[in-house]
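As recorded in Swiss-Prot:
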REGION    1-20  region 'Disordered'
TRANSMEM  28-48  transmembrane segment
CARBOHYD  ASN74  N-linked glycosylation site
CARBOHYD  ASN80  N-linked glycosylation site
TRANSMEM  111-131  transmembrane segment
TRANSMEM  159-179  transmembrane segment
TRANSMEM  182-202  transmembrane segment
REGION    207-238  region 'Disordered'
COMPBIAS  212-224  compositional bias 'Low complexity'
COMPBIAS  227-238  compositional bias 'Basic and acidic residues'
TRANSMEM  263-283  transmembrane segment
CARBOHYD  ASN285  N-linked glycosylation site
TRANSMEM  297-317  transmembrane segment
TRANSMEM  363-383  transmembrane segment
TRANSMEM  400-420  transmembrane segment
TRANSMEM  431-451  transmembrane segment
TRANSMEM  465-485  transmembrane segment
TRANSMEM  489-509  transmembrane segment
TRANSMEM  534-554  transmembrane segment
REGION    575-598  region 'Disordered'
COMPBIAS  585-598  compositional bias 'Basic and acidic residues'
Amino acid sequence: MEDGGAGLRAPRYPAEDTSPTTDRELRGFFCYGLAAEVFAVCAVGSFLPVTLEQLAREQGVLFIDKVTPCTAKNATVIANATVNALMSRAEGSDTHQCIINVFGAELTTASFAMYTFSASVFMQALALVSVSSVADHGTWRKKLLAGFGLTGSVSAMLFLLVVPQIFVVGSFLTVICVVCLGCSFVILNSYLPLLVLNHPVVQSDEDHPTASSSIPLQPISPQRSSRKSEESLHQVNRKEVDIGSKADSSDLQLSTKISSKGVGIGYMAAVSVQVICILILYIMNKTGVSSTLPLRTVLFFVGSWWLTFTIPSVMWLRDRPGPPLPTALYEGRAFVRTCMSYTIFAWKSLWKTVKVAVKLRQVLLFLIAWFLLSDAVATISATAILFARTELQMGTVAVALLSIIATSSGIIGATVWPIISKRFTLKTNHIIVCCLLLLELVPLYGLLGFLPFVQAWGVGGLQKWYEIYPLGIIHGMVMGGLSSYCRSFYGLLIPPGSEAAFYALFAITDKGSSAVGPAIVGKIVDATGQIRPAFGFLAVLIALPIPLIWMVDVEKGQEDAIRMAGLMKTTDDGHEDFESFEGSSDGHEAEGLMRDHD
């Protein structure tokens, strides 16, 4: 494959690189997934929240008296803290939380970590919108991938220098790391349709040359063709759907194969690196060094991993420039004008997609559910780690082991859920509901700790550290199902030809919502001094999307999507004409379209 083996297709725009995809380029694609996925799982999903909490803890005082240092070494101070803790327990306020002062605000160390991640995800959502157009247009694709990879990895490595006295710096570095990670994945994902389109397997298929061009090049088309009659509209729809169904045999299968392989490589590497990190923590903890140094060393190692594998990835990937955008959207210097043009185009595209999505009732229903669902999933992960660290007093090695168990269970879940679906002939939304019901067990089990008779047992309701590991297995199994089924279910509801725009909206909804839950949990912890009450909020948050997911009508959503796709292609001069769209009816016309679509 290295030399291609298929003739070059005609370029669709000036300066398009139509050279066949090579093994070297595919290795570059997989290599960056290997680099960044490790940081996403090992750092963001495990060690970053623990490190932030521990850095702050070493500068904090106990919540119960707001005087005693949390990491006091003096015997007298420790004795006084123990007495205070026993008195607090007798009063029914068992807490191990510490408080710190951040820019004049009094926060618990756990809420400090939650607020940091809330801010990180919010900034990431804003950045993803602005970067989305750059990923599909112009010549900055490879440069930005290298820039985000370099900036994010170096920021992670700088944690080695963050001592407890400057713990707030760790918060800023976390924001930079998370934003760079998200943006680099957007850039990397923009390579996938191009690698598929230029792959020799696809180029050699002469049966559907038009279908290849249906692979999204930009978030949303700025111009549409002239208006046709209603009859012509449906004829165009039938042709496009027929072409798309044929294209699935090669384009979609190849895309799925490449994407699945990349995810598999990334997760296997993440588990392996997680094991290495546990060894680093175990060895360094035996030396009696500062309690934060082993964690900071682990982040340095994970950041170095990210940087190391980013270098060959950038070397092996081609530039693959996209179609340029007009820079007349903003007046000013050339560089500033270009940056503003890309940013304005991205936000305009998002707004246009939102207006279309609002007209598609089933899409809107799912996106509301997805907003709640993704927020619940992101929040429960961070909450569980901090609960294990602060309430259950688990060490860093034990928390890292919990992350490995959850990740491994996720891989198993991705395999098991399709088997369950086939065995019991469950629809996709039914599988999602089953996953949510299973996930609901996690906060409900934590709430059992409030019951007096459970407290009298001394076990149950997450009173012992070992109880969290079975819950980690449940969480991992659920994530293995949700991560794949939600995306595929959403894909059934979006208009054909607008995949890039609607999946961008899907990702932005995910990241935007994930900033809400951690902030609310942080407020709860600040008010109560405990994390356990936050399980009540999480139980409600997980339950809310269940009826919404159940209500989504896939067949009606597909009908509406096809009709909207036709309407979008027949509006005059790109002006939106969606006000008249009222959703599908029960008529035979829609049924005929669905038969063509199937």
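In case you wondered, yes, glycine gets a Cβ from its N, Cα and C as well.
Cβ atoms under 8 Å from those of the transmembrane segment (28-48) belong to residues 117, 145, 149, 152-153, 156, 174, 177-178, 181, 184-185, 188, 191-192, 195, 258, 261-263, 265-267, 269-271, 273-274, 277, 295, 298-299, 302-303, 305-310, 312-317, 381, 385, 396, 399-400, 403, 407 of the same chain, restricted to positions at least 6 beyond its ends. Using a cut-off of 8 Å between Cβ atoms, the transmembrane segment (489-509) and the transmembrane segment (400-420) share fewer than three residue pairs, counting only pairs 6 or more apart in sequence. The stretches the transmembrane segment (263-283) and the transmembrane segment (363-383) are not in mutual contact, being linked by fewer than three Cβ pairs under 8 Å (pairs 6 or more apart in sequence). For ASN285 (N-linked glycosylation site), applying a Cβ distance below 8 Å and a minimum sequence separation of six or more within one chain yields PRO294, GLY395, THR396, VAL397. Stretch with the most C-beta contacts under 8 angstroms to the transmembrane segment (159-179), considering only 111-131, 297-317, 363-383, 400-420, 534-554: 111-131. Cβ atoms under 8 Å from those of the transmembrane segment (111-131) belong to residues 48-49, 52-53, 56, 100, 102, 144, 171, 174-175, 177-179, 181-183, 186-187, 342-343, 346-347, 350, 378, 382-383, 386, 504, 507-508, 511-512, 514-519, 521-523, 525-526 of the same chain, restricted to positions at least 6 beyond its ends. Cβ atoms under 8 Å from those of the transmembrane segment (363-383) belong to residues 45, 49, 113-114, 117, 121, 357, 432, 436, 439, 442-443, 475, 479, 482, 486, 489-490, 493-494, 502, 505-506, 509-510, 512-514, 516-518, 520-521, 531, 534-535, 538, 541-542, 544-545, 548-549, 551-552, 557, 560-561 of the same chain, restricted to positions at least 6 beyond its ends. Outside the transmembrane segment (400-420), and at least 6 residues removed from its termini, the chain residues within Cβ reach (under 8 Å) are 41-42, 45-47, 267, 270-271, 274-275, 277-278, 281, 384-385, 388, 394, 426, 431, 434-435, 468-469, 472-481, 483-485.
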